[in-house]
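Engineer: Would you mind keeping the following structure in view while I ask a few things?
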Amino acid sequence: MRSTSPISMSMSCQIVLHLLFFIASLFSTHASSLCSKDGSVVRNISEIPSGNYGRDGLSHITIAGAVAHGMKEVEVWLHTFAPGARTPIHRHSCEEVFVVLKGAGTLLLGSSSSNSPGTPLEFKIHANSTFTVPINDPHQVWNTNEHEDLQVFVIISRPPIKSFIYKDWSMPHVAAKLKYPIFWDEDCWDSPKDEL
């Protein structure tokens with residue numbers, strides 16, 4: 001059996017510790033860059049952090065936002081949905097404008113005027129189409145194309161938004177679960193979470 005000298009074990013431990021500190025600094029730099037307010041006038045979209053935030057098949061980028069950039073009146077997102085991916089059924093008290101940049105899919109739009117969203121209206125969406133979602137109307141965007149990503153540019157009013165999530169279209173409005181802050185703002189939220 002080969003013996004290891006105390007000096008080489010000590011050096012190995014130091015190397016491992018240095019490596020761990022280096023890896024930890026990479027993660028902390030990434031987290032701080034995600035959460036630091038970016039007051040830049042010009043930003044490169046390809047350099048803005050993106051993630052799926054626990055939503056399979058979604059890639060989200062906040063191009064300009066309340067939490068990330070100090071926006072007060074509007075927020076701008078870029079969402080890319082893999083084939084079959086969709087948002088949860090949800091509503092919020094803001095206006096939304098969508099511009100479909102590429103791909104095709106379906107907008108499902110429920111009603112806010114009855115006790116539950118009810119059977120949603122279905123609208124086909126495709127590249128170069130645009131649509132709006134009225135305040136508090138439950139909706140879902142779904143990439144129903146089997147072969148191509150769906151990419152949408154989204155503009156919302158009144159950021160940061162509160163979302164109410166439904167498990168299905170028959171769930172009463174009053175039972176929808178509040179999600180605030182929204183998924184991509186959670187890590188950088190510096191105010192107490194509003195659970196009301």
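The backbone N, Cα and C atoms fix where each Cβ goes, and this holds for glycine too.
Heads up, here are the entries from TrEMBL:
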type	residues	note
SIGNAL	1-31	signal peptide
DISULFID	Cys35-Cys188	disulfide bond
BINDING	His90, His92, Glu96, His139	Zn(2+) binding site
CARBOHYD	Asn128	N-linked glycosylation site
Engineer: Taking the recorded Zn(2+) site as His90, His92, Glu96, His139, identify the other residues of that chain whose CB atom sits within 8 Å of the mean position of the site's CB atoms, giving them in sequence order.
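Structural biologist: Counting only non-site residues, the set is Thr87, Arg91, Cys94, Val133, Asp137, Pro138, Ser163.
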Engineer: Could you state the whole-number distance in Å separating the C-alpha atoms of His92 (Zn(2+) binding site) and Cys188 (disulfide bond)?
Structural biologist: 20
Engineer: If I take the alpha carbons of His90 (Zn(2+) binding site) and Cys188 (disulfide bond), what is the distance between them in whole Å?
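Structural biologist: With distance taken Cα to Cα, Cys188 (disulfide bond) is 22 Å from His90 (Zn(2+) binding site).
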Engineer: Consider the recorded positions Glu96, Asn128, His139 and say which one has the Cα lying nearest the Cα of Cys188 (disulfide bond).
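Structural biologist: Closest recorded candidate to Cys188 (disulfide bond) by Cα: Glu96.
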Engineer: Just checking, which of His90, His92, Glu96, Cys188 (recorded positions) has the fewest C-beta atoms within 10 Å of its C-beta?
Structural biologist: Cys188
Engineer: Which one, from the recorded positions Asn128, His139, has the smallest tally of other C-beta atoms lying within 10 Å of its C-beta?
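Structural biologist: Counting other Cβ atoms within 10 Å of each of the recorded positions Asn128, His139, the minimum falls on Asn128.
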Engineer: Between Glu96 (Zn(2+) binding site) and the residue listed as 'N-linked glycosylation site', how many Å separate their Cα atoms?
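Structural biologist: With distance taken Cα to Cα, the residue listed as 'N-linked glycosylation site' is 16 Å from Glu96 (Zn(2+) binding site).
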Engineer: Fill in the CA-CA distance, the residue listed as 'N-linked glycosylation site' to His139 (Zn(2+) binding site), as an integer in Å.
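Structural biologist: Pair distance, Cα basis, whole Å: 20 Å.
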